[in-house]
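The structure under discussion appears below in the form of structure tokens.
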Amino acid sequence: MPLVEINFDGLVGPSHNYAGLSLGNLASASNAGEVSYPRAAALQGLGKMRHNLALGLTQGLFAPLPRPNPVFLGALGLNAIDEVDQAQRRLRAAAWSASSMWTANAATVSPAPDTPDGRCHLTAANLVTMPHRSQEWPDTVRQLRLAFADAAHFAVHDAVPACFGDEGAANHMRMCKSHDAPGIEIFVYGTTGGAFPARQHEQASRAVARLHGLAPERCLFVEQAPEAIAAGAFHNDVVAVANERVLFTHEQAFANPEATYAAIRERLPEAEIVVVPSSVVSLADAIRSYLFNAQLLTLPSGEMGLVIPVEAWETPSVRGWLEAHLASNGPIRRVLPVDVRQSMANGGGPACLRLRVVADPATVDPRFLLDEARVAIVEEVVRRHWPEQIDPADLGSDILAQTVHGARGALLAALELSELA
């Protein structure tokens, strides 16, 4: 079978909560302390996966990581249920975080057509800027090495050293004539100095490119606009997304946009760059609606579709631009709203929830691939075992810890993934 793009969505974990742990993530901050609905959140995510399967796309799934994380707590001299003070409460909340559902941060992926050994390379992201995410990568690597165990087709690398912050595919884009053709890889980094941290370090991006053996002339290292980070674009995928020959971006996404566009066109002459001007959609509206945190996909018909959160369609300026684009000869021919409101309330849209891997599905462990029957199996597990709701004040409850642990165990049993238990 030829190489195709597979979107591996992270299933929203049973400990999904709104503890407000993510500095620079406006949605996370604004919903801190609210009651979350893990069961509804997971079902919404599965609804998006089913939606994309119905489009004729190849869909994968990653399981939630173990939470509350005893390794993380033990390293801090804490446990999951003891009484703690206010400062320690945030550390404990980090150990309960379900943030691994945003698999765009799981790894950076370079497919076989771009690499010298003809294998797909994946480097786990260290996510060191945020404590609640910094604990993820060892368990993420375990899952990646299971899903992509075929060493003839995949190479999975450990995270780069923690002194260089790496946020994975959320700050990486690939452009190409087609998914199975050689492409260019665009690494987007930030610079420090603003009110919010620049999570992606340039040296982390360059290290990943070296680990993957990418040809320097096929790589671009581009600075994210400081004003975008300051406005709440904590990852580049909040203000830009690419698919095959198309870059879809806000006017204020990059520090030097014209130089960025010129460098892309020099390396990929057929590139089509769709820029949304700030005079039509403000940076604030783009970030609030998550217009660009969308899945830009090549459909089986060959046309491109944009899977957006319903919040984007409900934002007048965004809807106006999308309707005008659909009426034009632009490359995006379908706009497909989906409901992932529970994830959105924590700062994660459709693009955050998936990791794109270009590969032959036959080379992937089939336990990580979905069809309608497997979606139904996972939905049944979620309905039976995921908590209906969690108040952040509940974090630390022994009963809740047992419920969360049991829910994940039931999922792994249903998917026959006992290696991850």
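Backbone N, Cα and C atoms are what each Cβ position is placed from, and that goes for glycine too.
Taken from Swiss-Prot, the feature active site applies to Glu167, His235, supported by sequence analysis. Residues or ranges marked as active site, nucleophile in Swiss-Prot: Cys352. Taken from Swiss-Prot, the feature substrate binding site applies to 19-28, Asn105, 132-133, Arg199, Asp237, Asn346.
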Local backbone state of Asp237 (substrate binding site), from DSSP in three classes: helix
Euclidean distance between Cα atoms of His235 (active site) and Leu23 (substrate binding site), Å: 12
Other CB atoms within 10 A, centred on Arg133 (substrate binding site): 22
Between Ala19 (substrate binding site) and Glu167 (active site), the C-alpha gap once rounded to whole angstrom: 20
Where Asn105 (substrate binding site) sits in the secondary structure, as DSSP reduces it to three classes: helix
Among Leu21, Leu23, the most crowded of the binding-site residues [Cβ within 10 Å]: Leu21
Ala19, Ala27, Cys352 as recorded positions, winner by CB count within 10 A: Cys352
Per-residue Cβ crowding (10 Å cut-off), top of binding-site residues Asn25, Asn105: Asn105
